[in-house]
């Protein structure tokens, strides 16, 4: 009641105050918080350009050229905030405006030769250049990335891989020039992941030499077709092919859906899918076909064909194998989605960690300065495992890209399994990273201009794009089951998919895990292999038990779905870890691990003044180095070119040291997973040891925070205001 009386008195005085001027009051100002760029206080313990080469892997010059091309155009919505220029789509625009801007951006890029050779040239070099381009697009905008992904690898890729020479000659150059705008009509209202049961029906009319395509019911309407609602002129339609009353399975046909003036073609109906939680720069649509006739040549016939008189021909007689061969080239969609997810994780972490290096909260003692967010162990524990995941995913993505670019008929199965596994894992990781980064940015993470929060809505769809992630993990487990059964049947060793460890004695986890053991790469690999091996054995045994009870194979797999999910994850994390180890091995042979080793090596090499060149400080058990300029000059005058040679060697020592810490952190968060306790690989005490080790590793990475995210190679303009001077950005003068 006393509080209520006080409030009433204040309001009364306010309402009854006289209009006469009050005595002037002087406002006293407190010292405002000031922004200090992290570069002033943080150290670069290794060359970030060298690290970027390692994690980006390829086409760095093309990436930077493309970044520059986008920054210099008004189409990419440059805005000055806090004295810096940022480029990002205007998500306050209407859906229609966002769609038109996406189209204009594509035309701008096409006119400047960005897509030259993307469909008309072949070879590993062009494939890697395309991947680099898509990675840059994913950093800028998911709508741009997706619309180009539908047009090039999906529509264009279907013609490339499912078609033959006359399709290539007729369609590919116009597709590359964007005079034809393609879309990919596979998903239906009633069928998404289960492609074999699509309901669209195509029959052949031998009297006219035409295929007739129909949507027989509402659940057969093509749904979520990117580009269909407004812009696409042509589509690849996936449909059941009926020849003489026999269903030959799913095949693909080229269909024109709009004329040159943008009018919808006869017997085709198109509706808009409407506003979405993200990705509104893509015009997703729905399509119905009412006896739409297309020439016989519009069947993409690399796997099967129909003669003019209506005979069905295919060199692959088995329908299952034919379907697999027909769908195999489509894995590029999963590859692109996987690599795009990695780069979105990089964007979010670069923004969030830069903010955490300048934003302060609370004091440890009265009258002391507030503490940087990233100096709190809890904040380190939130973010550094995600950095380790992102580095690991980067190496795995590079492996997947090379695997795809060098593909052969013999490698198609491996590409299918690995791309399914990585797509699911990377997109799940990406959503975890975006959510954690949003929270770590506090209220600023809610602002669209700061990107992190908005990206959650933009990229949520990746969990179901190109296959639901849970189903993809089941697919991976089924493939591993088949590999196991084939090896048993042939009484041969496992070969491929990284399963060679199944041929070796089963690893044993020590009864007491020390810090030294937990950081040993061999132990880390053994632990991940042990989990995968055991889960595969369990999965096979349980599936066979279900089959022995009378269940068919599919029923048995469904009964064991929990094991299937755990096995898929175990396979993926072991495969990702393997690429991390292989990336580390590319650094110079004999690289050393720490300051003491480096000094010993330098002295043995005759560089007795190395201690005058570098001095070493130990912070939180982590080693980092600083260069003292006067000593550096003296050293340079003394040793000349030899200095540069040793400095280069030193860079690699530091990189390997940091990479080893990141690798240990990635392995530790995998081992911390509940499955290691659930299946008895770790004792409760060892589980606690792993958790303590993670805290230590995060602490050791703290001095390298800025260098680690700077190595992502993302230009400042593609981050957000919160990553830089967030005080000036929010000043009254900019309101």
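Cβ atoms are placed via backbone N, Cα and C, with glycine included.
If you draw a 10 Å sphere around the CB of residue 466 (active site, proton acceptor), it holds 27 other CB atoms from the protein chains shown. Residues or ranges marked as active site, proton acceptor in TrEMBL: 466.
Other C-beta atoms found within 10 angstroms of the C-beta of residue 187 (FAD binding site) number 21, with every protein chain shown included. Summarising the annotation, TrEMBL assigns FAD binding site to 187, 226.
What TrEMBL lists as domain 'Acyl-coenzyme A oxidase N-terminal' is 88-180.
Among the features that TrEMBL reports, domain 'Acyl-CoA oxidase/dehydrogenase middle' is placed at 183-292.
TrEMBL lists 330-480 with the feature domain 'Acyl-CoA oxidase C-alpha1'.
Per TrEMBL, domain 'Acyl-CoA oxidase C-terminal' is recorded for 656-719.
For the domain 'Acyl-CoA oxidase C-alpha1' (330-480), the model's pLDDT averages out at 94. Across the structure, residue 226 (FAD binding site) and residue 466 (active site, proton acceptor) are spaced 13 Å apart at their Cα atoms. A sphere of 10 angstroms centred on the C-beta of residue 226 (FAD binding site) encloses 25 other C-beta atoms. Counting residues of the domain 'Acyl-CoA oxidase C-terminal' (656-719) by DSSP class, helix then strand then coil, yields 51 helix, 0 strand, 13 coil. Distance noted between the C-alpha atoms of residue 187 (FAD binding site) and residue 466 (active site, proton acceptor) is 10 Å.
Per DSSP, the secondary structure of the domain 'Acyl-coenzyme A oxidase N-terminal' (88-180) breaks down as 67 helix, 0 strand, 26 coil.
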